[in-house]
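Visitor: Following this message is one structure expressed as structure tokens.
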Amino acid sequence: MTRVALAFSGGLDTTVCVPLLEEEYGYDDVIGVTVDVGQPAEEFDEAEETAEALGLEHYVVDAREEFAQLCLESVRANATYQGYPLGTALARPVIAEAILEVAEEHDCDALAHGCTGKGNDQLRFEAVWRDTDLDVYAPVRELGLTREWEQEYAAEKDLPVEGGSGGDWSIDTNIWSRSIEGDDLEDPSYVPPTDIYEWTDEPTGETEEIEIAFENGYPVAVDVLGSEAPASQSEADASDDGKEMDPVSLVEHLNEVAGAHGVGRTDTMEDRMLGLKVRENYEHPAATTLLNAHEALEGLVLTQEERQFKQQIDNQWSQKAYEGLIDAPLVDALEGFIDETQKRVTGTVTIRFEGGQARPVARDSEYAAYSAAHASFDTETVGKIKQEDATGVAKYHGFQRRLANKAIEKIDGDETVELATDGGNDADEE
Ligand code: ARG
């Protein structure tokens, strides 16, 4: 008896995969696995109903906590790829691992997904699955299926496929981002209608402030300060303590609050792993808010050279996350650096939602690498440091470039002379 575990969503692609795995690949038994990384309830209903209609043995695995934790790790790495906070990318290894576990529990000899041969997700799933001895299949890619063919095949076989919850768009949702692509959006010059967005409202003129507390770079609490700026920080502190929240609730809460202000929309031309460029639209209110707040706190506590070097670390982390290779040894090494820097990323940041932006307007930490007394225009001497001490630095600043520019002048001068002597350039000669 042969059995294959299929990553199953109940959409057209994965639905046609069920009979195809039996007919074309000769499997006796197919089981479907849906992994919960925070998709909307309708998607589970759709998967449940379709599985039932197909007579498919179906399992749902809740991976929300693990996924939310990974999202918060990505905040510590200020992780984005071409402006996109990596929701789909971060979710895929988590989903792939969860499906693998179910497959092993149920003695499957193979794994399958419904990804096409054009996107990133096939690579992310298979990076995890090909670490095992199980066979891996991608029917849509391997049989060269098109959506049109799938629709005809589904009709012919009387498969339970509906229009899909996203209408014309191809949607991928989890707690970190909602991605919208396909159909008219494939034309980069097409302006998306606002109804493609579900998490973000059109920005209104209203503002609101919240305070986010971080511990070691992890956001741990959110405190809504209200729609008007509090008269003083101490008043705000006294009025309401930041509510400690688990990662899932914290992200869901911020998606609501920031989404209502239209925060976190991205419309981008994304360079995929295969080299294709694709037009992508994303919504990610919580991610944008947390990333902005985290970076603001790093700005207060990290030294200039740490911040500069960390950009390279963060870029590498984001690249590996985009590739679905978050378990690469390089990532562990990068996280060594990240852990070290995040020891001081503890404190609070006030974010103001305004005109679709989540703008940091205040930050506070007991580990600030900042001295108000030294930086202030109002103090002349602090400890042993006096304003006039900067004079020496000012004399040396740019010293090498001063000499180098003189050398360049000399060369340019010589060239002019040469040109003048052998070129008969008489314009400015006396
Ligand atoms: N391009 C994005 C990524 O590779 C997201 C793709 C999401 N898929 C979708 N059907 N909308 O991470």
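One-based numbering along the chain as shown.
Here the Cβ of each residue, glycine as well, is placed from N, Cα and C on the backbone.
So TrEMBL lists the following for this protein:
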type    : residues                                                           : note
BINDING : Ala7, Phe8, Ser9, Gly10, Gly11, Leu12, Asp13, Thr14, Thr15, Gly114 : ATP binding site
BINDING : Tyr84, Asn120, Arg124, Ser170, Ser179, Glu270, Tyr282              : L-citrulline binding site
BINDING : Thr116, Asn120, Asp121                                             : L-aspartate binding site
DOMAIN  : 3-160                                                              : domain 'Arginosuccinate synthase-like N-terminal'
DOMAIN  : 169-403                                                            : domain 'Arginosuccinate synthase C-terminal'
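Could you give the neighbours, burial and distances for every feature on this list?
Guide: Under the DSSP three-state reduction, Ser9 (ATP binding site) is assigned to coil, being neither helix nor strand. A C-beta separation below 8 Å, combined with a sequence spacing of at least six in one chain, links Ser9 (ATP binding site) to Thr34, Glu43, Glu46, Ala47, Gly114.
Counting only same-chain residues at least 6 apart in sequence, those with a Cβ under 8 Å from the Cβ of Tyr84 (L-citrulline binding site) are Ser177, Thr266, Thr268, Glu270, Glu280, Tyr282, His284.
Asp121 (L-aspartate binding site) is surrounded by 23 other CB atoms, counting those within 10 A of its CB over all protein chains shown.
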Visitor: Need one number for the L-citrulline-binding residues Tyr84, Asn120, Arg124, Ser170, Ser179, Glu270, Tyr282: the maximum pairwise CA distance in Å, whole number please.
Guide: 19
Visitor: Counting distance between Cα atoms, which of the binding-site residues Thr116, Asn120, Asp121, Arg124, Ser170 is nearest Gly11 (ATP binding site)?
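Guide: Comparing Cα positions, the candidate nearest Gly11 (ATP binding site) turns out to be Ser170.
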Visitor: Helix, strand or coil at Arg124 (L-citrulline binding site), per DSSP?
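Guide: Once the DSSP labels are grouped into three classes, Arg124 (L-citrulline binding site) ends up as helix.
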Visitor: Quick test of your reading of the structure: among the binding-site residues Ser9, Thr15, Thr116, Asn120, whose CB sits under 6 A from ligand 1?
Guide: Asn120
Visitor: Of the residues named as ATP binders, Ala7, Phe8, Ser9, Gly10, Gly11, Leu12, Asp13, Thr14, Thr15, Gly114, how far apart in Å are the Cα atoms of the most distant pair?
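Guide: Between the outermost Cα atoms of Ala7, Phe8, Ser9, Gly10, Gly11, Leu12, Asp13, Thr14, Thr15, Gly114, the distance is 13 Å.
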Visitor: What does the structure give for the C-alpha distance between Ala7 (ATP binding site) and Asp121 (L-aspartate binding site)? Integer Å is fine.
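Guide: Asp121 (L-aspartate binding site) has its Cα 12 Å from the Cα of Ala7 (ATP binding site).
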Visitor: I'd like to confirm something. Which of the binding-site residues, Asp13, Arg124, Ser170, Ser179, has a Cα closest to the Cα of Thr116 (L-aspartate binding site)?
Guide: Asp13
